[in-house]
């Protein structure tokens with residue numbers, strides 16, 4: 001019967017006869033034998049145990065769940081049950097088989113009794129099709145064979161790729177809109193009145209950017225920077241931010257429809273995960289008692305406190321990045337290199353962004369450990385509950401890791417640094433950074449661009465190279481053994497299973513979080529694409545290009561470089577949908593704040609409609625923003641500098657400073673400041689209410705479930721009730 005398929009392979013080191021590990025291994029395999037499992041042993045450098053479950057286990061499963069997998073009425077047929085369901089049941093039994101010492105497979109693997117356990121990549125038609133038509137770089141723009149993916153990897157993986165394909169497809173529209181806004185910004189690169197005024201301000205002397213040795217400087221020196229700022233910060237950006245808020249809602253609503261259609265075709269729309277789990281428990285052990293639902297307020301409070309403590313640490317890291325940028329700016333301004341002195345602020349922001357990326361890479365690993373530890377403290381009832389809890393925690397931690405620094409740049413940079421003569425300082429020494437005279441949005445643009453580019457190049461290259469190199473190295477280690485076997489004269493005929501089991505063992509290990517990692521990566525990318533998109537209109541385009549490669553990268557990893565994943569049944573993407581909806585709301589808030597606070601859009605509009613020359617009579621032919629820059633700069637007397645600062649010599653007794661609306665005599669806020677502040681607040685409330693209303697209307701307008709799916713269920717119910725009624729109706733005479 002060796003030609004039959006084996007459900008799972010267990011791998012163990014060759015232990016000494018009579019050793020504790022060998023006894024534990026024997027006890028576990030004996031338990032499987034008692035359950036009717038067929039076990040085959042092959043010895044190489046390791047011990048390989050192939051296990052095959054008895055047919056009665058699958059008959060029980062089909063009978064208990066009247067499984068839609070089994071279309072035929074004869075439950076005895078071995079082919080009735082799909083390979084994915086078969087692997088899932090066998091994996092459940094393996095994970096939950098208890099030895100006389102009350103140990104299960106996970107604890108035996110921790111004690112190194114078994115080294116690995118995996119289902120096999122079979123040389124079947126579906127696999128060859130997926131390798132040829134899906135897991136190849138040249139199929140970049142081809143549609144994915146979701147049905148075939150489901151047949152080989154199960155519903156959960158198929159739904160991930162269906163979601164990723166749909167997300168990428170709709171990202172194309174957002175990318176196009178972002179490109180239009182960006183190109184429109186480039187076309188007005190030199191025509192903005194604000195940037196013209198900055199470029200012509202050759203007599204406007206600005207306060208030094210640092211305390212020691214920094215000269216006074218001319219506003220016109222930053223002409224190019226001002227043009228770049230206006231390229232990003234214009235009316236088109238406001239419209240694009242509103243568009244992306246609606247796009248996020250429409251994307252999710254259309255995904256719900258897509259998912260409903262897909263799972264209805266799979267007969268899983270009303271599938272009950274809890275019922276499935278209870279059925280598996282009973283098949284494994286008829287005496288099994290279900291674990292009751294429990295909730296402990298004390299435990300929840302402890303978890304909450306620990307989560308808040310972790311968030312505090314992550315915000316602390318963001319503060320450390322701020323301090324780095326402050327000190328780096330001070331050092332760069334005193335550098336011997338002229339380029340570093342002139343571009344001190346930009347260089348500090350760019351090196352800070354690279355440092356931020358490094359902290360993201362490191363903290364991702366730390367966050368995972370902490371989230372897993374917190375999940376163990378919670379003691380969830382089922383695996384899916386544990387996965388949901390883990391998802392919420394790791395996403396929260398990752399969100400703060402990725403966005404704390406961006407939130408500081410967007411909403412605090414240049415707003416909490418005081419003013420000349422009274423700067424806010426770190427440790428009483430280094431003064432906080434200031435925004436550029438043309439606004440803070442370019443700093444946010446640089447930070448977003450660097451992080452997204454690094455994440456999508458270095459991270460993706462590593463994601464592919466590390467498994468590829470690991471696979472090649474493992475394969476190379478096995479080759480010398482193989483050659484010596486071939487040369488052996490009295491070598492017995494090699495078992496046909498041996499080569500297959502060895503080649504599967506050489507592949508990279510997968511675990512329950514392999515698919516989770518892919519989801520997390522995409523959801524964080526979705527956050528970057530929507531939350532601060534007002535500052536970086538190219539984010540959807542970068543995400544779109546990345547995802548085209550990501551789909552094939554994941555496919556190649558799963559098909560060619562990794563062991564076969566244990567298929568899991570699912571009828572949706574789980575708690576990720578709620579996470580995506582939360583991101584949609586954060587996107588409205590984030591973009592509203594970027595336009596109201598970070599962007600110069602509001603101050604410019606207030607000036608245009610209140611203080612500009614257009615408000616005076618006979619002002620035809622005058623640009624309404626004429627005089628805006630002069631209006632937004634406050635006057636400062638050089639004699640009021642703090643005693644310990646040594647600014648360079650000023651040609652006059654006055655210098656001007658961007659963005660603070662302060663009186664010249666006592667440096668208190670002017671009426672204009674409060675006028676702009678009130679307008680910012682009013683715009684923020686208006687923008688968010690309008691955007692959220694539009695989101696709600698879009699959610700109502702696009703039904704979650706297509707009519708075709710509803711009608712199909714209606715017809716099924718109707719025909720089922722008619723059949724039932726036939727048994728009751730008396731026969732016609």
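Glycine is no exception: its Cβ is also placed from the backbone N, Cα and C atoms.
Note: TrEMBL annotation is automatic and uncurated.
The domain 'Anoctamin dimerisation' annotation in TrEMBL covers 79-146. For the domain 'Anoctamin dimerisation' (79-146), the number of residues in each DSSP class (helix H, G, I; strand E, B; coil) is 35 helix, 3 strand, 30 coil.
According to TrEMBL, the feature domain 'Anoctamin transmembrane' maps to 149-712.
TrEMBL lists 157-186 (among others) with the feature transmembrane segment.
Sequence annotations record features per position, and here TrEMBL assigns transmembrane segment to 235-255 (among others). Packing against the transmembrane segment (235-255) from elsewhere in the chain are residues 163, 166-167, 170, 173-174, 177-178, 180-181, 184-185, 529-530, 533-535, 537, 540, 577, 580-581, 583-584, 587-588, 591-592, 594-595, 599, 601, 687, 690-691, 694-695, 698-699, 702, 704: each is 6 or more residues past its ends and has a CB under 8 Å from a CB in it.
Positions annotated as transmembrane segment by TrEMBL: 302-327 (among others). Proximity of distant same-chain residues to the transmembrane segment (302-327), defined by a Cβ-Cβ separation under 8 Å and at least 6 residues beyond the stretch ends, is recorded for 348-349, 352, 355-356, 359, 363, 367, 370, 374, 377-378, 393, 396-397, 400-401, 404-405, 407-408, 426, 430-433.
Residues annotated as transmembrane segment in TrEMBL: 347-364 (among others).
Per TrEMBL, the feature transmembrane segment maps to 390-413 (among others).
Look at TrEMBL and you will find 523-549 (among others) tagged as transmembrane segment. Long-range contacts of the transmembrane segment (523-549) within the same chain, counting only residues at least 6 positions beyond its ends with a Cβ under 8 Å from a Cβ of the stretch, are 140-141, 164, 167-168, 171-172, 174-175, 177-179, 181-182, 185, 232, 237-238, 240-241, 244-245, 247-248, 395, 398-399, 402-403, 406, 410, 441, 444-445, 448-449, 451-453, 455-456, 460, 576, 579-580, 583-584, 586-587, 590-591, 594-595, 598-599.
Annotated transmembrane segment per TrEMBL: 570-597 (among others), in sequence order.
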Per the Cβ filter (under 8 Å) with a sequence gap of at least 6 from its ends, the transmembrane segment (390-413) is approached by 307, 310-311, 314-315, 317-318, 321-322, 349, 352, 356, 359-360, 363-364, 367-368, 370-372, 374-375, 433, 435, 440, 443-444, 447-448, 451, 516, 520, 523-524, 527-528, 531-532, 535, 574-576, 579, 590, 593-594, 597-598
If one takes Cβ-Cβ under 8 Å and requires six or more residues beyond its ends, the residues near the transmembrane segment (157-186) are 143-144, 146-147, 149-150, 230-232, 234, 236-237, 239-240, 243-244, 247, 250-251, 254-255, 258-259, 262-263, 515, 518-519, 522, 526, 529, 533, 537-541, 543-544, 547-548, 550-551, 554-555, 558, 565, 567-568, 570, 572-573
Averaged over the domain 'Anoctamin dimerisation' (79-146), the pLDDT of the predicted model comes to 86
